[in-house]
2 protein chains.
Amino acid sequence: MRELLKVFKIGGGIIDDSAQLGQFVIELSKIAGKKILVHGGGKGASDMLQILGIEPRMINGRRITDAATLDIVTMFYAGKTNKQIVALLQQQQVNALGLSGADGNVIRATKRPVREVDYGFAGDLNDQSVDANLLHQLLQQDLTPVFCAITHDGQGQLLNTNADTIASSVAKALASQYEVELHFCFEKNGVLADVQDDQSVIPQITPTQYQELKANGVIAAGMLPKMENAFAALEAGVERVVIEHAMKINEPIKTVLCRS
Amino acid sequence: MRELLKVFKIGGGIIDDSAQLGQFVIELSKIAGKKILVHGGGKGASDMLQILGIEPRMINGRRITDAATLDIVTMFYAGKTNKQIVALLQQQQVNALGLSGADGNVIRATKRPVREVDYGFAGDLNDQSVDANLLHQLLQQDLTPVFCAITHDGQGQLLNTNADTIASSVAKALASQYEVELHFCFEKNGVLADVQDDQSVIPQITPTQYQELKANGVIAAGMLPKMENAFAALEAGVERVVIEHAMKINEPIKTVLCRS
């Protein structure tokens, strides 16, 4: 039987709120067994870019990462946020180890090709990007890897990478060695049947039910990329995807996506 | 026979010069066998502090690390500089893994006690600070640890720590498992008999010779802390301390300090 591994992803909202981040870290420390954390960015980098007079450029909700922006996001994500989370986890006796994709060559990305839009130093992942063996070794040493959303191309170039993509790529890469649960933590209780009602959490969704919910327009547009990402992870061998409130990971309220 | 391990320390001067840093990384990649790199800060953090209107405060040549300064130095040292060096080493096929002391709890420091001066969030190390077992495991996985000069106290607090101190503490901690060579790399060819003449490198210095050189005033005041640090490392089991030019680590010109 494969050992259980839980991969948690948290977004910028929690990182911007130190009380929430502290609470999340305490809740995460109560989760027994092997775990990995992937964290997004937060507003700090955007604020710093503004102070420095570097205008944040977004196209279709995605940041354009020029060289100056890459410098700043690397400082925030890999420096401030990552080390702060690692230190807080250590305080809770979780032996966290902060990683960018460059560290140990653990996630090698490719710079996004320029088509209609030049996203700059943005990294895309493929099925070969994650070094599952190194992660397995670190997990066997009872370390808890903590990923920021910075990767590299193996040619000396750091790359800004979507944190949801990192979480699902890490989960998929470890699915043959572990029974992997992928947890997307955000500011809602789960996938809601009624976006106005935070108690209307749908407890379980299979691929068939997802198609129905999508056809009926129940699942809001903003949730669709996360859901597609989640079902792709299930197809690739991840056991369960859990969508839950970051402050309630140890409470029963959540949505579980499963293969059938 | 213990395996050879080389611990290299580079300072801010190289980090501020991307051409020099790139060349150092290439030279380091030619060094066969187990190695660890410790890097100092560089001017970037001070420049950023100035842009943000945070006045750098120094007492007796040491930075006072208030909370805002700690944030910025963590971003630069653990974020920008550390990940940049790791990515450059990966480009040269060196499987580098960036670390702060918080990562894997590998260096636990204590906040410097407030006596005449309050240094703020400055971390001091002792004989128990470095987790030699974790470093040994990483080295056995053919990883090259790359340390920035940020540690933690185990209670959730990051601490700014002297990079020379980190290098010698890491070297001392591994001296029972490895034959450790500690390399202090800087912008001179070694310890000079005549500070005006960069060719006047003293090839070897024993503790007895050091006392004579110090008594005769041959060794310049600025070198004394580095020398004291070096001989303390030798006393604690480090095999050799090498003082050399960061651009010439593969050339024979250097000063070797040894126990006798």
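Note that Cβ sites are derived from N, Cα and C of the backbone, with glycine treated the same way.
If you take the C-beta of A:Gly42 (substrate binding site) and look for same-chain residues 6 or more apart in sequence within under 8 angstroms, you find A:Gly12, A:Gly13, A:Ile15, A:Asp16, A:Phe76, A:Thr81. As annotated by TrEMBL, substrate binding site applies to A:Gly41, A:Gly42, A:Arg63, A:Asn160.
According to TrEMBL, the domain 'Aspartate/glutamate/uridylate kinase' annotation covers A:6-243.
What TrEMBL records for A:Lys9 (among others) is site 'Transition state stabilizer'. Annotation note: A:Lys9 (site 'Transition state stabilizer') sits in a strand segment as assigned by DSSP. Sequence-distant neighbours of A:Lys9 (site 'Transition state stabilizer') (same chain, 6+ residues apart, CB-CB distance under 8 A): A:Leu37, A:Val38, A:His39, A:Gly40, A:Ala163, A:Asp164, A:Ile166, A:Ala167, A:Leu182, A:His183, A:Phe184, A:Cys185.
If you look up TrEMBL, you'll see A:Lys226 (among others) marked as site 'Transition state stabilizer'. DSSP assigns A:Lys226 (site 'Transition state stabilizer') to a helix. Every protein chain shown contributes to the tally, and the Cβ of A:Lys226 (site 'Transition state stabilizer') ends up with 19 other Cβ atoms within 10 Å.
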> Looking at Cβ-Cβ distances, which residues of the chain lie under 8 angstroms from A:Arg63 (substrate binding site) while being 6 or more apart from it?
Replying inline: A:Pro56, A:Arg57, A:Thr69, A:Val73, A:Tyr119, A:Ala122, A:Asn160
>> Please list, in sequence order, every residue of the chain apart from A:Gly41, A:Gly42, A:Arg63, A:Asn160 whose Cβ lies within 8 Å of the Cβ centroid of the substrate site.
In response: A:Gly12, A:Gly40, A:Ala45, A:Ser46, A:Val73, A:Phe76, A:Tyr77, A:Ala149
> If you measure A:Lys226 (site 'Transition state stabilizer') to A:Gly41 (substrate binding site) at Cα, how many Å is it?
Replying inline: 17
> When you measure from the Cβ of A:Gly41 (substrate binding site), how many other Cβ atoms are you left with inside 10 Å?
Replying inline: 21
> Given that the record lists A:Gly41, A:Gly42, A:Arg63, A:Asn160 as binding substrate, what is the largest C-alpha to C-alpha distance among them, in Å?
Replying inline: 13
> If H, G and I count as helix, E and B as strand, and all else as coil, what does DSSP give for A:Gly41 (substrate binding site)?
Replying inline: coil
>> Across the domain 'Aspartate/glutamate/uridylate kinase' (A:6-243), what does the mean pLDDT come to, as a whole number?
In response: 94
